[in-house]
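Chemist: Dropping the structure in here first, questions after.
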Amino acid sequence: EAAPAPAAPESPAPPAESSQNTEGNRQLTLTSSGNITFTAKVAGESLLKKPSVKWFKGKWMDLGSKVGKHLQLHDSYDRNTKVQLSHKLFSFPSETNYGFLLLYSTEGHDDGAEFNFSSLLKKRGEGKSESQSDVDVWDILRKAPPTEYEKIAFQYGITDLRGMLKRLKRIKKEEKKSTAFLKKLDPAYQVDKGQKIKLMVEVANPDADVKWLKNGQEIQVSGRYIFEAVGNKRILTINHCSLADDAAYECVVGDEKSFTELFVKEPPILITHPLEDQMVMVGERVEFECEVSEEGATVKWEKDGIELTREETFKYRFKKDGKKQYLIINESTKEDSGHYTVKTNGGVSVAELIVQEKKLEVYQSIADLTVKARDQAVFKCEVSDENVKGIWLKNGKEVIPDERIKISHIGRIHKLTIEDVTPEDEADYSFIPQGFAYNLSAKLQFLEVKIDFVPREEPPKIHLDCLGQSPDTIVVVAGNKLRLDVPVSGDPTPTVIWQKLLFESEGRVRVEMHEDHCVFIIEGAEKEDEGVYRVILKNPVGEDKADITVKVIDVPDPPEAPTISNIGEDYCTVQWQPPKYDGGQPVLGYILERKKKKSYRWMRLNFDLLKELTYEAKRMIEGVVYEMRIYAVNSIGMSRPSPASQPFMPIAPPSEPTHFTVEDVSDSTVSLKWRPPERIGAGGLDGYMVEYCKDGSTEWIPALPGLTERTSALVKDLVTGDKLYFRIKAVNLAGESAAATIKEPVTVQEILQRPKFWLPRHLRQTLVKKVGETINIVIPFQGKPRPKITWLKDGQALDSKDVGIRNSSTDTILFIRKAELHHSGAYEVTLQIENMSDKVAITIQIIDKPGPPQNIKLVDVWGFNAALEWSPPQDDGNAQILGYTVQKADKKTMEWYTVFDHYRRTNCIVSDLIMGNDYFFRIFSENLCGLSETAATTKNPAHIQKTGTTYKPPCYKEHDFSEAPKFTHPLVNRSVIAGYNTTLSCAVRGIPKPKIFWFKNKMDLSGDAKYRMFSKQGVLTLEIRKPTPFDGGIYTCKAVNECGEAEIECRLDVRGNQMNPMHKPNTARKRD
């Protein structure tokens, strides 16, 4: 794909304008209220289709929607040079700064081009990974810094960035710790249209009532909204999500709320019935119709890559009818010709519109008539367009139809019929088609027959010369009425006999006899009616006879199906044979029609008749399947269509492969590599054909059996010393591409290359790995012929069971699946070719966690301080000890606290110890792997003595704190809903600690698994798991110790959804 040429600003406007002639981006400075014109030239020699061009201000404002007083856009495209010029005239109303961006696209679909920002970014950016189809943009915005927002919006096609940031700000607000919610709603949810989603929270109180709100309005239970309560969970289920469900939702518990945003994602809109090509005349109405997968969907219409909008003149009208989309052009002009595209977010369809100047062909003109009194006169003509109307004139005045004069228009045929002709009907008659400069005229002559009565006998006589035409041949058009008027004479009146060999009337033939002439009529003449007709007159005086030849002419037979050849990118050659029967008239030419394979609409390709038997059809869309058919035309009219040709697809061979080079040469092989063609086309790529030719020869020999799909090849079994030329061609359905050839011959012989290692930078210093990690060292090298490779460790050969070595012609690999300490050492690898060699050394260090320090001693304790000493660990883990971590723990709690970390000495003083406490100390050693697994701990604690006088506590008489049980907080009557866990709570005191017993209706509950009893700090709790109405009753709590006992009771009612709780006062009694 060719890159666009730099946009070159031109300044044909006032002299006040100025520019800096720089490549790429250009800066322009001009005075306020000045004008400037930008011209962008896109070179498209290798582009498949005309590029689509759009102008942007900044990064987001599409200037196509801002065209008006201050901004004008113009495009021109030269099909010969394939250069696209895009002009932008901008009037600056005030002093300000503007930045413009020009984007173009030639991305193709099956039926047209699609302007795609994301694909453009992929091609222009370097090192960017392909965007995933299911990217969560909200998650990306949440994690990104504010400076990246605009970049993300551009990359993912976000148009309402400000609105999204407002919603994101609400999502990002830190929520205070909730007392009503154990788990709140997520900040945002996303669901596909038509699917269902569940919004769930967990509340602290299992009996709490919740409300669900949508955009601040409470949601009522319906078939689409379902509320569920399972334990502490509250669930809102939304079935069959629509765009109306895209809103903010709240869950309210008391005064606390949990917010979330639900985003409903629309599925891609597909085009189920594509557009069809159309061909109309100037001024006719055009209606493009397509069908999409969803009613009321939004689509975009384009003409030759430029988006269509409702202009001030309302030239284009867009219409939606259910799933059908319409583009209507009321009065088409020549400029409306082109390719029209309808785009959705899931498909593209392209159709071609051809608008032709009105051109009318006259297939049959009106002819002069000679008619006798009270006969019928019929003027008939046939034109090429069946929709054309016209008027009939008599001596320049319009003919008004009445009971005797009839005017008819059926298809392409216009008739003027005059019944019972009178002498007044003799005149010049004309037919004028509306809208065309045609005047078809003929003359009607009235034949007045005068008969003189001769009272004598006269032999019969046939007067054919009175018809004014050749007496032996009469031509009639098939389907018309054949009427032979033969004037006769004779006295007495003769008998008329008509004869024809093998003539069968079939009910279509009749003979009328009049006093002075006879009439032979055949209704709807057919080909079988041709021949010589003999009329015989007889009376007593004698007889006469005459032969009349009748020739029936018709439209030609349809030609045979055309053949398609020389298929190219957007063209093909159509060939056909003349029809077997020309209808009795010479064939004047042919009409060719084309349609898409899946369409029903045929489009005419020529208006002027084709004289030859071949035609080159152009302006087809590559990759679309077409069919062709032919009409033959003679002076009578147009034949029926021929059978359709075999379906064919316009495709072109790919361009030649690029960067074709020789990668390597040996005594019998040559290694080649290349890159794919720049243009592949709709025919795809079947593979590559590699050939070679010996120097001095012209015969090209296939180098590989068949085609290869790779972009490299190894040609084997060559003769050492031969000089060969190589070439490669890309092949697809359309054939072979041009050949990419290596200009200079390649000599087949091994090239001696000195061995040399290319040691990676990270291996030039010690390679440090932890125990258990994988080691994979790749060292590339050069050398021909293939060198011998030797690995050594500390001067000794490697154990193949412990270390893996893999060698190729370009690198050597050392692989250790699981590193151990004994793998540390100096490794040496040697390349050897004959007497030449090269070697490199690699140092590998395997490290592990160190052991604990040794000989930890508590040296001294004084005041609030303790002095410690220790020795370095015996095992340093094959790495330098970076320091020690010293911790202390109070003997009472044995909770360890770090005193020093990364401490480098082997002695320390721990200060700020608490007087009167005993302390233990432990020490960890640390290296690159981390802290040691175990620590060295002091055996004896360090006692921090108290200072000053010794305190003697006074002696008091021991007090008796014994107390009988007493309930300080009673049980409360409760009414609960069946199915939800519930608890009964009270508080008791007593010394010694009393024993607790729970009863239901005087029955002990201690052995029932359905009940759980808890006692903490004097608070007594009875939990009843999922109560049923059977669990209702009187519950009693009894406390007993050696000083007495006490009990308290309450009533529990378990109700269903419709039951109301009943409250009764508590009762409590105490026994000593």
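A Cβ is built for glycine as well, from the same backbone N, Cα and C atoms used for every other residue.
Predicted automatically and left uncurated, TrEMBL annotations should be read as such.
Source: prediction; values computed, not measured.
For reference, TrEMBL lists these features for the protein:
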- 1-27: region 'Disordered' (REGION)
- 1-15: compositional bias 'Pro residues' (COMPBIAS)
- 176-253: domain 'Ig-like' (DOMAIN)
- 267-361: domain 'Ig-like' (DOMAIN)
- 558-654: domain 'Fibronectin type-III' (DOMAIN)
- 656-751: domain 'Fibronectin type-III' (DOMAIN)
- 755-843: domain 'Ig-like' (DOMAIN)
- 852-947: domain 'Fibronectin type-III' (DOMAIN)
- 965-1049: domain 'Ig-like' (DOMAIN)
Chemist: Please work out the helix, strand and coil residue numbers for the domain 'Ig-like' (267-361) from the DSSP assignment.
Modeler: 3 helix, 49 strand, 43 coil
Chemist: Quick one: find which recorded stretch in 176-253, 558-654, 755-843 has the most Cβ pairs under 8 Å with the domain 'Fibronectin type-III' (852-947).
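Modeler: Comparing 176-253, 558-654, 755-843: 755-843 has the most Cβ pairs near the domain 'Fibronectin type-III' (852-947).
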Chemist: Counting only pairs 6 or more apart in sequence, are there at least 3 Cβ pairs under 8 Å between the domain 'Ig-like' (176-253) and the domain 'Ig-like' (965-1049)?
Modeler: yes
Chemist: DSSP helix, strand and coil counts for the domain 'Fibronectin type-III' (656-751)?
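Modeler: Its residues divide into 0 helix, 45 strand, 51 coil.
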Chemist: Across the domain 'Fibronectin type-III' (852-947), what does the mean pLDDT come to, as a whole number?
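Modeler: Averaging the confidence scores along the domain 'Fibronectin type-III' (852-947) gives 92.
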Chemist: Which residue counts does DSSP yield for the domain 'Fibronectin type-III' (852-947) in the helix, strand and coil classes, in that order?
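Modeler: Going by DSSP assignments, the domain 'Fibronectin type-III' (852-947) contains 0 helix, 52 strand, 44 coil.
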Chemist: Take the domain 'Ig-like' (176-253) and count its residues per DSSP category (helix H/G/I, strand E/B, coil), listing them in that order.
Modeler: 3 helix, 40 strand, 35 coil
